[in-house]
Amino acid sequence: MDRAVSRVALENEEREAKNTWRFVFRIAILLLIVITLAISAAALVYSMEASTPGDLVGIPTVISRAEEKITSALSSNQDVVDRIYKQVALESPLALLNTESVIMNAITSLSYQINGAANNSGCGAPVHDPDYIGGIGKELIVDDASDVTSFYPSAFQEHLNFIPAPTTGSGCTRIPSFDISATHYCYTHNVILSGCRDHSHSHQYLALGVLRTSATGRVFFSTLRSINLDDNQNRKSCSVSATPLGCDMLCSKITETEEEDYSSVTPTSMVHGRLGFDGQYHEKDLDVITLFKDWVANYPGVGGGSFIDNRVWFPVYGGLKPNSPSDTVQEGRYVIYKRYNDTCPDEQDYQIRMAKSSYKPGRFGGKRVQQAILSIKVSTSLGEDPVLTIPPNTVTLMGAEGRVLTVGTSHFLYQRGSSYFSPALLYPMTVNNKTATLHSPYTFNAFTRPGSVPCQASARCPNSCVTGVYTDPYPLIFHRNHTLRGVFGTMLDDGQARLNPVSAVFDNISRSRITRVSSSRTKAAYTTSTCFKVVKTNKTYVLSIAEISNTLFGEFRIVPLLVEILKNDGV
């Protein structure tokens, strides 16, 4: 019994001893952990100089600055990426497309000639210097932001004069017509031996050439082929166009005054001619009895034509036969265009009555003077498949001289301000199936022409008159969406007299600083302007061909004025 009690007591003592040592061990371990943590914390504070909460206040600001630097760097990189994308995806393909277009035009021209070699059309198509590739017939200035009138013409530049001048006091050179394609240019004017008022006999000078760049970098026009048509055929009011087969020309043949022609009952004779690359000229009479069956007088617009969709398009105007189908369909039609910020004070009914009467001026016996466009297929056969388009007079004013232009993918018709509206007009033109459609025009309020009262330069109300002068605008500045912003032109800056020729860039309201040809009393007449670019130097030039008074040798001398387009970056 005692032995059993002793064993139990011994076991209890052993259990208590184990519990005591276990407790001591646990305390020791906890103390060791605490000491280790304390030493580690002290070491960390010492080695890292750990900040107190007060020291951490500026950290968000530092982080924000770092974020800004990173964002700025990323933005800068994005600008670089955008520029690379623009160059690779937009500009380079466009430049290649322009080059391809020029090459294809040249190949087309050569193809036409090769196919026509058997018909003696000639071979050896000329081509402008490579410096001009992509700089002819293009949208030369595309700018949405700059003020149009911050662009302006330089002083006139000396260059090679490619236009023959009169050689006697009674000689007269008048009515210049010019057109340029991607491969060559065409020029023509009328030559009268016995004064500018002689309507019975004249020559027609016609030339074909190319743009060159001299060794010193100067622009010049090089005539390669020319002919003086002196054959007792009195060609008048000629329009010229550069086509793949050479220089196509449309002329009327007349032996009477304009007033007498309007009094006749038959259409005016017309010819389609061509100066080939071989220097040979051929022409063919058009069947005007069929083509102009509703007309008593019909003339080319004197301004250049344009090669579009394998056809050449010429401006035409003249008098309609009273009560003919073409005349009847226009009866009651009219359009009124208004000056910028200068409205006509006349009653609306009176304005409408005067606008309707403006199409039938008394000078031409009350005949309706109509605008039109003639297109002819370009082939080795002249005068092939002619088609006449007569636009409605709800769009066009009284018929007048004009010009058909192509710039980029856009086509335009310029109409001389022979009626009451003085500011220059450019009608957008679309072509389809051999015919043309004209749309509401761009107007340039500061680009006026002189005229007789009540249709002087400042006129603002509809009236019946035949006045003005041919001074065409050339589309120069475009929006990126290809709509027109501004034009270049050489205008006669006088209210009533043909005086004071000045060149400028025009928007729809105002004009740039001007370049004056001479004094404000200098007499002048027709002007026609064409812009182009020397791609190598990225310089834009304008050839403005102007009739300037020349008292010693003939009444007028036709002068090819050349300017560079500059920009005032301060505007």
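Every residue, even glycine, has its Cβ placed from backbone N, Cα and C.
As the structure is a computational prediction, the values presented were derived from the model and not from experiment.
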Using the record from Swiss-Prot, pick out the residue from Cys465, Cys531 that is joined to Cys455 by a disulfide.
Cys465
Based on what Swiss-Prot records, which one of Cys251, Cys344 is disulphide-bonded to Cys461?
Cys344
Among 12-17, 234-239, 366-371, indicate the range for which Swiss-Prot gives the feature region 'Involved in neuraminidase activity'.
234-239
What range among 66-94, 124-152, 385-413, 414-442 does Swiss-Prot record as region 'Important for interaction with fusion/F protein'?
124-152
Using C-alpha positions only, work out which of the recorded positions Asn341, Cys461, Cys465, Asn508 is nearest to Asn433 (N-linked glycosylation site).
Asn508
Please name the residue among the glycosylation sites Asn341, Asn433, Asn481, Asn508, Asn538 whose C-beta has the most neighbouring C-beta atoms within 10 angstroms.
Asn508
Would you count the other C-beta atoms found within 10 angstroms of the C-beta of Cys247 (disulfide bond) for me?
28
Over the span of the region 'Important for interaction with fusion/F protein' (124-152), count residues by DSSP class, listing helix, strand and coil in order.
6 helix, 5 strand, 18 coil
What kind of secondary structure is Cys186 (disulfide bond) part of, going by DSSP in three states?
strand
Within 10 angstroms of Cys344 (disulfide bond), Cα basis - recorded positions out of Cys186, Cys238, Asn508, Asn538:
none
Looking at the disulfide-bonded residues Cys186, Cys251, Cys344, which one has the fewest other Cβ atoms within 10 Å of its own Cβ?
Cys344
